[in-house]
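I have placed the structure first, in the form of structure tokens, so that the comments after it can refer back to it.
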């Protein structure tokens, strides 16, 4: 069983779920994984962070990811592999420039009888906006067009 809990793009302002998501993520990350009475417990934790800068746009992008996997021995009747694996991950991304800021946060939890392949990590290059901001030039209008008065059409 695996599920993505929430993905919030667009920041926390005006989002009624933002506070609940933060609380849930903190709760999920602080929970002890695994079976408290189990023997032969193995745990692995990974923390990663990357940053990109776009000087031409005065923009920055950041991604941080925390992941913890716990496994423990279990009877073959419970799990054919003889182990149970639980993984929890918290991923946060942010893109900001002088005119905008985008934040995204996702929590992930899985529990399985065999180690699951890690889902693809989000890439900052695919996540950051690809369209660059180009201020539009003012449209030019002819002076004759600006002075023209509307014409009335009579129907009779």
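Placed from the backbone N, Cα and C atoms, the Cβ positions cover glycine too.
As given in Swiss-Prot:
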- 38-54: region 'Homodimerization' (REGION)
- 57-156: region 'RNA-binding' (REGION)
- 71: phosphoserine (MOD_RES)
- 79: phosphoserine (MOD_RES)
- 106-156: region 'Disordered' (REGION)
- 137: phosphoserine (MOD_RES)
- 140: phosphoserine (MOD_RES)
- 144-156: compositional bias 'Basic residues' (COMPBIAS)
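With DSSP states grouped into helix (H, G, I), strand (E, B) and coil, the region 'Homodimerization' (38-54) comes out at 0 helix, 13 strand, 4 coil. Per-residue pLDDT, averaged across the region 'Homodimerization' (38-54), gives 84. The most densely surrounded of the modified residues 71, 79 is 71 (count of other Cβ atoms within 10 A of its Cβ). Between the CA atoms of residue 79 (phosphoserine) and residue 71 (phosphoserine) there is a gap of 12 Å, rounded to the nearest whole number. According to DSSP, residue 71 (phosphoserine) sits within a strand segment.
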